Structure formats: structure tokens, C-alpha cells
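Feature annotations, courtesy of TrEMBL:
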{"type": "REGION", "residues": "1-79", "note": "region 'Disordered'"}
{"type": "COMPBIAS", "residues": "42-56", "note": "compositional bias 'Basic and acidic residues'"}
{"type": "TRANSMEM", "residues": "422-443", "note": "transmembrane segment"}
{"type": "DOMAIN", "residues": "434-681", "note": "domain 'G-protein coupled receptors family 1 profile'"}
{"type": "TRANSMEM", "residues": "455-476", "note": "transmembrane segment"}
{"type": "TRANSMEM", "residues": "500-520", "note": "transmembrane segment"}
{"type": "TRANSMEM", "residues": "541-564", "note": "transmembrane segment"}
{"type": "TRANSMEM", "residues": "584-609", "note": "transmembrane segment"}
{"type": "TRANSMEM", "residues": "630-652", "note": "transmembrane segment"}
{"type": "TRANSMEM", "residues": "664-684", "note": "transmembrane segment"}
Amino acid sequence: MVGGKTGESSRKEVMGSPGTVAGQGRADSAGRAVRGGGQGRAGREGCVEGQAKGRGEGCGPHSEAVQDTGKPQKPSSPAMKQRFSALQLLKLLLLLLLLLQPLLPRALREARCPEPCNCAPDGTLRCPGPTAGLTRLSLAYLPVKVIPSQAFRGLNEVVKILIQNTKNLRYIEPGAFINLPRLQYLSICNTGIRKFPDVTKILSSELNFILEICDNLHITTIPGNAFQGMNNESVTLKLYGNGFEEVQSHAFNGTTLISLELKENIHLEKMHNGAFRGATGPKILDISSTKLQALPSYGLESIQTLIATSSYSLKKLPSREKFANLLEATLTYPSHCCAFRNSPTKEQNFSLSISENFSKQCESTVRKLNNKTFYSAMLAESELSGWDYEYGFCLPKTPRCAPEPDAFNPCEDIMGYDFLRVLIWLINILAIMGNMTVLFVLLTSRYKLTVPRFLMCNLSFADFCMGLYLLLIASVDSQTKGQYYNHAIDWQTGSGCSTAGFFTVFASELSVYTLTVITLERWHTITYAIHLDQKLRLRHAILIMLGGWLFSSLIAMLPLVGVSNYMKVSICFPMDVETTLSQVYILTILTLNVVAFIIICACYIKIYFAVQNPELMATNKDTKIAKKMAILIFTDFTCMAPISFFAISAAFKAPLITVTNSKVLLVLFYPINSCANPFLYAIFTKTFQRDFFLLLSKFGCCKHRAELYRRKDFSAYTSNCKNGFTGSNKPSQSTLKLSTLHCQGTALLDKTCYTEC
């Protein structure tokens, strides 16, 4: 009876509920079978009967591990606790694997060849046909290395082939894709192939065939005739994210391209001029995020949509006439959009000239919406795509272009007006020649280099640098006239604009600094004329001007290291005020200029009253010189005032003048001092003329005029000495000192005519 019950309970355990886990057991040391899981009522009865026969030592733990409800209890012994924990952990792991199975990498789930393909142990893949009903073939995460020739032969019904995420694939032999007449989509992405795959024998007859070759980082070249024979109809090529470096001539020969995507080929630098020869299209060209430096000059006539975002190396576009049918462009630089503004192509101009004979018909059919039919009788369909027919007029379309040019870079040449081109050449030549002459005469003069002469040399050099800046601007403007949009990026981001910007800021600040020092020196000389020990020495002036050179160099160099920049506008001014540091930089310069202007005003007011002081025995000549200097200094700063005003307003991002109008200030006001200073302060003065003719006499020229100046100097010297010491009474020591200082002060003031500004 007991044996019968035991056998019955065993059968019940095997045929337990779905929650039981059968087959888990082991033999104990006495040979008794211990079954796990699914212990129900029958199991407990068998255990009790076994104990009655003296075999209960093997049942105790199991009887404690279950209850009447069949739920597990906490085991009592440490060994059973470990077995119980391991069992529960195993259950959890199995359950977790079942839940995560859809999320596992495809490499773990699709590491076997799909039918009807065969992956040989040597890494060769073959998918022979024919296979009825097979339209889609996906080959992903396979351990294949080579796809041999005719690998897909006979798959006449396949529509889509996907070869993706197969990193071990190194080579696709020529002829691997052969005679696939119904193929519409071929994708070869994220593989390890080293050579552009041969797709010329596909011979697909499907409309709008799509070839996708992407993320193959080891392919470096798109060879010539790479797609010839692939398809007899229209083609879309998605060739993005590869390692392409070059597109060779005739690469797209024999294709009718709807769209060509070359985006994200970050190493693509060269596209041969004949790349589109033999091809029709493309209508859509995407070269975003590439390093292309130029587009091919042939085959752009069919492009209707051009996308070239983040193509920072593409700084120059082909001429507008190459894009005969362009309707929309998304570019990197705003200046490139200027090429497509209100500039009809040659074809449109030709078509417009034809339609001029029908102007009366155009006017008579105004406001009719079906005028396109009228023009289609005269023009080809390809010519009609670039025209608008609103209100009955046949007008050329203006392509939509982004990004739009901003206020800092309008669609115009560097010099927006023709009269500015003439003036800037005149001013820069006068500035360069005048200041070079002053520097040469002063540095070669036989007279001693005094403080006023030294300061005038510094001012002339600053004005000479301003002339160089104007020369650079004028030269680039003459070279880029009419097509500045194609040279804007090279100029503004290159070393040329940085050099010009450095020159103008350095020259401007050094000029203002030197003017201030000259004015202070004049005021000090006149005010303390009788104090010889307080006279400014040359060594002091050298140290002061050394500080001015360092200050001006630092101010001009900051935009080169990121504090504002010179590339914001075509005239290379530091007008970038996007950051707080840049705003502080601009405002600091303008504040210092205003402070310098106030100092100069205050000094010349003091000079004006000082020369009229009888105690200093000022003469009419002194007064005349002081007034002349005051007028010239005020003229200088009056010219700079408008620019300072507009610069301050721009620094607060509230400009009161456009860049176009500011160029008038640039030419007419900003550099006029550099042009006028050498003439007003040096060349037109008698002292400079004396030095000039004395210099020429050394080369055998104007000897008679030079001799007259020598005699005049000697007469003036003897006359001053006689006036100072004649008379029966010997002058007192104080009178002698005052007279001597008066002679020196008068001479210094006379020299000021070419030592100021």
C-alpha cells in the first residue's frame, strides 16, 4: 500500500501544475530520489510514510520547505539556503533573458545567414537564386569577409538588398551584383570595404533606383564611371558618411540623377571639374559637412536645390550663370546668397530679350493666371522653371537662399559707392607719400633731433600705418569689384583682414596717444619756460613713447586673440560686440579717446591764455602759433567725433548708422587726418621747407634756394644775439635768463608747426 501511494504521488509530481519545475532532483547518500518543485499533498504523505519506516532522515528538510499551498518556505539549514538562493537566481536570470531578448544586439540574434544565402567558413557569402517570392534580402551582422563575383546571380525578383553592420566585410568583388532587373534599393552601410563597390552590372530597369552607400570609412575615392550601367532610369544616390576624399572625373557618367547626397563625408576635399560630365542632373545636391573647397564648373545647370551647410571650406561658388535653374539654396555663409539676388542668368536674359518683342501681348494679358501657356509657346520648359508669372509679367525668379546677409555684411562691395573708390585711392596715396616724406626729411636733417622732432616722427609713422590700411582696403576692393560675395570669406577670415585691422587700430591709437603727448609737451614748455630744470628731455620722451607703442600694440593685438575680432565687417573694424568682454574692449578704447580729447582741449585753453601773459613776454607769433595748433587739433577730433559716436551706439547694440553709410565716414573722416597732418603740420611750414631744400642741396638740387635759407638762419641768429645783449647797461642775470628762454620758447613754438598731430 505504501509503495502504491508512493508511486501514485510520483506520477502526480510529474504531471503537476504549470508552475512546477520537473526534472530537478538528485540521489542522496542512501539512494533515495529527492524531487524538487511541485511538492503537493501526495509528496507530503509519501514523506510521512517513509518516516514511519525509519527513512525520515531524508524527508525532513523537504517537508519544511513546502506548505499545503505549495509555496516555498525559508529553508532551515545553511546548505539548503544556498541551494535555494542559487535556484531562485537561476529563475530570475532565465526570466530576464526572456524579457530582454527583443532588445539584444542584432549581432547576437542574426549571426546566421538568412535563406537562401550561405556563409562559408572562409568568410565567403553567396546567395544563389532563383528563389520564388524573395523580394527583400537583409544581410546584417554577418561574419562574412568577401562577397564574390555573381554572389547574387539569379535573384531576378529581389527588390531590396540590405548589407549593413558587417564590419568584417573587406571586399566586394566586381560583378557581385549582376543582372538584378527588379532591384529598386541597394544599401551597403557600415562595412569594412576598402574599395568602391562595383554596381555597374546591376542593369535595373526600375524607376528612381536608390543606391545607399554610407558609413564605409575606408572608401576614399568615387572612381570614374562608377554608376554607368546600374540603372536605365532616374537614380537617387545617398553617398553619405563615408571616407571619401575625392570624386574623380566622369564619376556619374551615364546616370540621370534626381538627388545626390554627399553630406557628412568629412574628408571630401576635391570634386573634379568633370565629375558630372556624361550625367543628367542632379536636381538636388547636398554637400553639407564636407571639406570641398570648390564645386565643379560643369554640370550645375540642372541643380534646383543646393544644400551646403557647415561646409566651411567652400568659400567660393561658381558664377551665378552656372546655376541656371536654381530655385533654393541653403548655404554656410550669408555672403554667398548675394550671388542669387536680383541677378538673372544669361539664359533668362536671352529669353527676356526674345519676349521684349511681345511686351504688348504681356501687358494686354496682365492679371490672367494662364499666361504661362503664352510664354511656353516661345520658351522651352527648362527655361520656364526659372520664371514667375504673377500678375501676367514674365519675370525671372529670385532663388530662395539662406542664411540671409545681415546688417554687418550687406550685399555690396567693400566700397559701396563708386565715388568712395576714387577718394580712398587719393587719400591713401597722399597719406603714404606725405608721411614718408616727413619721416625721411626729419630723420636725415642736419639739425639735432629734438623732442618736438622726435614726437613728429612718431606721429608720421602712425599716419603712415593708416595709409597702409587704406591701401589694403582699396586694393582688395578693386580686385573683388562686382564679386565680393565670392571673396568675402577668404578676405574677412584670412590674414589680410587681420593685418588691415591691426594697422588701423594701432595707427589710430598711436596717433591719439602722440597727439596727447605733443599737446602736453607744448603746454609744459610754454608754462615752465623759465625753469630749465623742468624741461622735457629726449630720453624722457623716448620712454613715454615706448609706453605708447606698447599700449597701441596691445590694443591692436587683442582682437587677434579673441577679444572682439576683425572679421565681422569687410572694412576690418573690431565691431564684434557679442560678448561682454568685447563690449568692454570697444568702450575702453572709446573712453580713452574721449579722455585724450578732453586733455588736449584743456591744454590748449591754457596755452591760449599763457601766450598772452606779459610775464612770459609772448609775442604775436606765439599767439598765432597757439591758435593755429588749437584749430588743427580741434579739426582732428571733430573728424573723429562722428565715428566715436556711432561706435559707442554700436557697442550698446543700438547702431544709428548702417555699415554702408559708415563706409562714407571711413573714407571721408576717419583717415583724413593721416592725409592732412603731414601737409598742415610739416610740409607747409617754413622750418620743414628749409630742411627739405637743405637736404636736396646735398644731391645737387636747389642749391641757390638752400643758400638763401642758410643766410637767413645766420642773420636771425646774429639778430637775436644783438637784441639780447645790446645797450650800455649789462643785463641782469634774471633778465638774461628770461631773454634766453624767450628765444628758445619762440623757436620751439615755431617748430611746433610740424611737430603736432
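Note that Cβ sites are derived from N, Cα and C of the backbone, with glycine treated the same way.
By the Cβ criterion (distance under 8 Å, sequence gap of 6 or more), the transmembrane segment (455-476) is counted as touching the transmembrane segment (541-564), at least 3 such pairs being found.
Recorded stretches compared: 422-443, 500-520, 584-609; the one with the most Cβ pairs under 8 Å to the transmembrane segment (664-684) is 422-443. Confidence annotation: the domain 'G-protein coupled receptors family 1 profile' (434-681) carries a mean pLDDT of 83 in the model.
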